[in-house]
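Notes follow the structure.
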Amino acid sequence: MDQDMVENGENGHVSDSAEGSLTTSVLIICVIAASAGLMFGYDIGVSGGVMSMEPFLKKFFPSVLKKMADNHTTQQDVYCTFNSQVLTAFTSSLYIAGLVASLAAGLVMNSTGRKGTLVISGILFLVGSALDAFAINVEMLIFGRLFLGIGIGFANQAAPIYLSEMAPPKWRGTLATAFQFFLTFGNVMATLVNFFAAGLNESGWRVSLGFGAVPAAIMTVGALFIPDTPGSLVQRGKIHKARESLSQVRGIDSDNEAELNDIMSSNEVAKAGHEGPYRLILHQRYRPHLVLTVAVGLFQQLTGINLVAFYAPVLFRTFGWSGSSALLGAILLGMVNCGSTLVSTYLVDRAGRRFLYLEGGVQTCISQVAIACIIASEVGDSGTAALSNTGAVAILVLMCSIAAAFGWSWGPLTWIIPSEILPLEVRPAGQAICIASNFALTFVLAQISLAMFCHLKYGVFLLFAAVVMIMTVFLALFLPETKGIRPGSMGEVWKNHWYWRRFVEQMSIGDDHLST
């Protein structure tokens, strides 16, 4: 039997001797890198809250504020209160910038490394936060959002890859969920800032937007003191520093030279290719990697999490909640999402990726159908009836259910799966495609979600429920389990899969080595 099979098991699982240990050093380093999620999470939480603040609307979007006032004096369709393309551009502009940045991030990482890309992302986010805090018109506001988007595009590309390359295989899932935890924690931080800033009257929204500089500064300063990944250092010819980086994160008891030799061999194979990673990933042998990488990037947003994450305060105000109550509801949602991410941290390397995906999909679908039924029965098609207190509480509970399901499944797994299944030679390209597809769809949904809510009314939740069910079935059929499997052993997983084996079974031994 092949020696690699002896070490990894027939299905590619890592043996106890090869899986590595969770050292204090690697834990601290990965936590610092994962704190990049603070920036993304803060922005997700702050935008919806700021959009519900009357001084912000008065300065930049007075037409929306007028519709809110009309709802209190006449019977208006509440579904369409916040339907403004310019208002949603405040949220969505960030993601079009993030899309472009994520495609360029691979080139930036090749020249500056994972660590350098994290530092650059933090600086860009700092600039964007300052522009938004001091904005005097809509153009300056959206210009600042573009800087934020570029920073997030770089961070969302570099941080998951950094975590995947630094973490020991046994703990890869757990450490990778740290990015999602910081993302949800940043969301909670933003909703808390929004709640207190709302009491500052005219300057509250400036405080909320400017406070985004705090998570950016935390990550940027921390990133200056962590090493780059061994894979990135080897790619740039810094073998001595790669050896030092391995020793720092693996400890002196691990076989660091063997791991370094594997990285160097993989790098040589990647360099020997005559095609760039973006053309290489289009080859048939990378079909499973490409399809699933794009799928998980798109699926995360097709869960309908936009309506919960971005526009929760807006939705609450739509149904008659006061500004402070709407922000309190958003805080609760953020706390549920943050806590559920800790559940994922515990379960992802125990129950596995597939179980979390499937359970999260079923829970999300049921919750969305229930929300649609409540809104249909109490508010109706006309959108002129009031939502009862009982109905409002029920919707909040069901939204918390969606936030929890997302927090322990579809949220963190989007950052874990691509970095696990992509081989080194196409990893930056594949990760960039995943994030770009995610941002592209996020941009579209952020721009049209409130318009969809206006035209489809409660039916928008039924639409997302149907889509979630289809996606859950797709993942049940086509996503293999990657728990505890080294990226170098994924070739065996593809060969044993009922469908994907047809794309990889013709690979030669030399081609199979590319997966290491």
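Note: Cβ is positioned from N, Cα and C throughout, glycine not excepted.
On a predicted model such as this, the values are computed, not experimentally measured, just so you know.
Features of the protein shown, as given by TrEMBL:
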- 29-483: domain 'Major facilitator superfamily (MFS) profile' (DOMAIN)
- 21-42: transmembrane segment (TRANSMEM)
- 86-109: transmembrane segment (TRANSMEM)
- 116-136: transmembrane segment (TRANSMEM)
- 142-163: transmembrane segment (TRANSMEM)
- 175-198: transmembrane segment (TRANSMEM)
- 204-226: transmembrane segment (TRANSMEM)
- 290-314: transmembrane segment (TRANSMEM)
- 326-348: transmembrane segment (TRANSMEM)
- 389-411: transmembrane segment (TRANSMEM)
- 432-452: transmembrane segment (TRANSMEM)
- 458-479: transmembrane segment (TRANSMEM)
Exercise. Please average pLDDT over the domain 'Major facilitator superfamily (MFS) profile' (29-483) for the predicted structure.
Key: 84
Quiz item: Taking a Cβ cut-off under 8 Å, which residues six or more beyond the ends of the transmembrane segment (389-411) line up next to it in the same chain?
Solution: 180, 183-184, 299-300, 303-305, 308-309, 312, 316, 319-321, 329, 332-334, 336-341, 343-344, 347, 356-357, 359-361, 363-364, 367-368, 370-371, 374-375, 377-378
Quiz prompt | Dominant neighbour of the transmembrane segment (458-479) in 86-109, 326-348, 432-452, by Cβ pairs under 8 Å | solution = 432-452
Quiz prompt | the transmembrane segment (116-136) in contact with the transmembrane segment (21-42), cutoff 8 A, at least 3 CB pairs, sep 6+ | solution = yes
